[in-house]
Amino acid sequence: MKSAHFILALSVLALASPFAYASDPSPLQDFCVAINHPKDGVFVNGKFCKDPKLAKADDFYYSGLNIPRNTSNPVGSTVTPVNVAQIPGLNTLGISLARIDYAPNGGLNPPHTHPRATEILLVVEGTLHVGFVTSNTDNRLITKVIYPGDVFVFPQGLVHFQFNVGNTNAVAFAGLSSQNPGVITIANAVFGSNPAINADLLVKAFQLDKNVVKNLQSKFWWANN
């Protein structure tokens, strides 16, 4: 009987282990330069791969992150991503980069999440109030004011933000642990979805007056569309 139980336990573990250890597969080639058409390509990690013999330096290159971006928008910040869409050679390499510019006196990278990446942020100019919120049920805010040369980490999937509390422009660079980390800006997703989420649902979820919800939906829908 004990042997039967042992064999059953081993069988369950054997079935469960592929799921327990599931992760992005390790590349089995040096690189997989992404292309947008399937001709003579191999499909790897959401992209077709260029024949490696045809790879060139520009497939692994991007220029211009030294250029300040325009922050004259409602939130006072601009994110310049450098992921697989900008550098096709990042495909399968599990890493990307972004520059974030913040306007003085309140430039904000609004609360958002990256569903597929942890983020590490380096401040090079200005003073930022940064933070993230832990998951339910604690919802604990972990926050700090950081300065040039400081680094802060935002765990994968958690809501986080950066806010310029100085009176000068601020600039930061972010490294992300995915070739395509994705971004979900909370207010845009909730109030600017297309089609719109039922206003009565949002009234109850956020404990807001319905007129406030309608006003927010009108602002964010037009911003998103």
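A Cβ is built for glycine as well, from the same backbone N, Cα and C atoms used for every other residue.
What TrEMBL says about this protein:
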- 1-22: signal peptide (SIGNAL)
- C32-C49: disulfide bond (DISULFID)
- 63-214: domain 'Cupin type-1' (DOMAIN)
- N109, H114, E119: oxalate binding site (BINDING)
- H112, H114, E119, H160: Mn(2+) binding site (BINDING)
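Feature map: annotations from TrEMBL on the structure.
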residue : record               : Cβ neighbours (10 Å)
C32     : disulfide bond       : 27
C49     : disulfide bond       : 21
N109    : oxalate binding site : 26
H112    : Mn(2+) binding site  : 19
H114    : oxalate binding site : 24
E119    : oxalate binding site : 23
H160    : Mn(2+) binding site  : 22
Measuring Cα to Cα, tell me the gap between C49 (disulfide bond) and H114 (oxalate binding site) in whole angstrom. 25
Tell me, what is the mean pLDDT of the domain 'Cupin type-1' (63-214)? 96
C-alpha spacing of H112 (Mn(2+) binding site) relative to C32 (disulfide bond), in angstrom: 30
Between H114 (oxalate binding site) and H160 (Mn(2+) binding site), the C-alpha gap once rounded to whole angstrom: 9
Cα-to-Cα gap, H160 (Mn(2+) binding site) vs N109 (oxalate binding site), nearest whole Å: 9
Reported as an integer number of Å, what is the Cα distance between E119 (oxalate binding site) and H112 (Mn(2+) binding site)? 12
Residues within 8 Å of the N109, H114, E119 Cβ centre (excluding the oxalate site residues themselves): A98, H112, T113, A117, L121, F154, H160, A174, L176, P181, V183
